[in-house]
Amino acid sequence: MEQFFALFTIFLSFAFPGRCSDVFSRSDFPEGFLFGAGTSAYQWEGAAAEDGRKPSVWDTLCYSRNIGNGDVTCDGYHKYKEDVKLMVDTNLDAFRFSISWSRLIPNGRGSVNQKGLQFYKNLISELITHGIEPHVTLYHYDHPQYLEDEYGGWVNNMMIKDFTAYVDVCFREFGNYVKFWTTINEANVFTIGGYNDGDTPPGRCSLPGKNCLLGNSSTETYIVGHNLLLAHASASRLYKQKYKDKQGGSIGFGLYLMGLTPSTSSKDDAIATQRAKDFYFGWFLGPLIFGDYPDTMKRTIGSRLPVFSEEESEQVKGSSDFIGINHYFAASVTNIKFKPSISGNPDFYSDMGAYVTYLGNFSVIEYPVAPWTMEAVLEYIKQSYDNPPVYILENGTPMTQHKDTHRVEYMNAYIGGVLKSIRNGSDTRGYFVWSFMDLFELIGRYDYGYGLYSVNFSDPHRKRSPRLSAHWYSDFLKGKTSFLDSKGIKELQSNFSSSS
């Protein structure tokens, strides 16, 4: 593979001998800025029933709805050493992955599964040995089914205690080598998808036409969001009181944030856009930065929105050392005058009072190249939420092609957008491509991949192969490849095709 990278670099030097005014390289980023790529436990590990692991709510949803599963997926559980070698070849600074709660503590509380513990120790050791920073997510859609059956999982505040005990094990066992912890992955979309819409784990809702056996879309969405914040605050407090002085790490919270723009120039749509930002951004950033929910949400949702006690408010406020952002595309916002609800009862969308429409032609799968949407998100966070440290924890586009030129163009543009935001004052400290390799996706399953590396899921050995984007990213991270303009990318596509 190194030989290919060398040839690829020589090719680029002939294809793009000049530099344009907006071309820049890795060296333009601040010292210590992390470039990486990501996966998550259920999407990458496989080995779903091996070595003591028990089902999570993600396993259960997949089997109950017959929508494919992550039983084997990439088989990262057995192939992690091979994958770390690929990370070295790609020149990653960091690798973002999650820990499976149901592998480490299969029943959600109580005894630790020693084989699961050893797997994560081995993975982290392999990363550290090869100079790759572990960036660990503690919860990624997959709490143990045992806790869901026992008391309803996140709809019950008993989850806060069990989550805190689980992360205590993680901090104790891995914290000497892990400096970056994200407690919850994309908390807003996890909550909306899992408890309002019922489309993602654990699949609870009360909307008609949905395949939900349990749930209440009017209340559970907000109860779960509240419990996630309290669980994060509890984990953060534990880390800072017990581990931070010795381990020196930081603890953050993850959100899925779109670039939101009014669909028209009307005042109503402008107001609706700000309301949508309060519901998507402020729902969690408000408590984390200021200690409470936005007034917009409190007025609209009323008694269905839980209330922080004074003590809870103080615990949540300032509990996040950084904000993790998952960002893929933009959306337009249209005001809803009469707040219709499918069920006749209020839910997240009717409460928000806005239609949010994704921008782009999604019939072609890949996402549009629109880096200004990420710039707008980072600027809004800077202006509205005291400019906290930020890591872009997911950014990428799905594609089916091996010669994924559009992904190269997308990554090039969005990384450039991050640099522009930094130059404009955003405290953004890292960028992670989603994903390092093709995975079992939350929505697309195995229909298309986001990976820098393709995975042959029909091959029992799950062969990995570098896409064009892997070579491009590797050369950029080595400082050999400067950013390409659109003309150069088209030439790259043509020349790469002719040389394949």
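We count from 1, first residue shown onward.
Note: Cβ is positioned from N, Cα and C throughout, glycine not excepted.
As the structure is a computational prediction, the values presented were derived from the model and not from experiment.
Per Swiss-Prot, these features apply:
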SIGNAL    1-20  signal peptide
ACT_SITE  E186  active site, proton donor
CARBOHYD  N216  N-linked glycosylation site
CARBOHYD  N361  N-linked glycosylation site
ACT_SITE  E394  active site, nucleophile
CARBOHYD  N424  N-linked glycosylation site
CARBOHYD  N456  N-linked glycosylation site
CARBOHYD  N495  N-linked glycosylation site
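Feature map: Swiss-Prot annotations on the structure.
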{"residue": "E186", "record": "active site, proton donor", "Cβ neighbours (10 Å)": "24"}
{"residue": "N216", "record": "N-linked glycosylation site", "Cβ neighbours (10 Å)": "18"}
{"residue": "N361", "record": "N-linked glycosylation site", "Cβ neighbours (10 Å)": "9"}
{"residue": "E394", "record": "active site, nucleophile", "Cβ neighbours (10 Å)": "24"}
{"residue": "N424", "record": "N-linked glycosylation site", "Cβ neighbours (10 Å)": "11"}
{"residue": "N456", "record": "N-linked glycosylation site", "Cβ neighbours (10 Å)": "12"}
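Distance from the CA of N216 (N-linked glycosylation site) to the CA of N361 (N-linked glycosylation site) is 33 Å. Secondary structure from DSSP puts E394 (active site, nucleophile) in a beta strand.
N456 (N-linked glycosylation site) sits 23 Å from the residue listed as 'active site, nucleophile', taking the Cα positions as reference. Separation of the C-alpha atoms of N216 (N-linked glycosylation site) and E394 (active site, nucleophile): 29 Å, rounded to the nearest whole number.
Annotated pair N424 (N-linked glycosylation site) and E394 (active site, nucleophile), C-alpha to C-alpha distance, rounded: 21 Å. For E394 (active site, nucleophile) paired with E186 (active site, proton donor), the C-alpha to C-alpha distance reads 10 Å.
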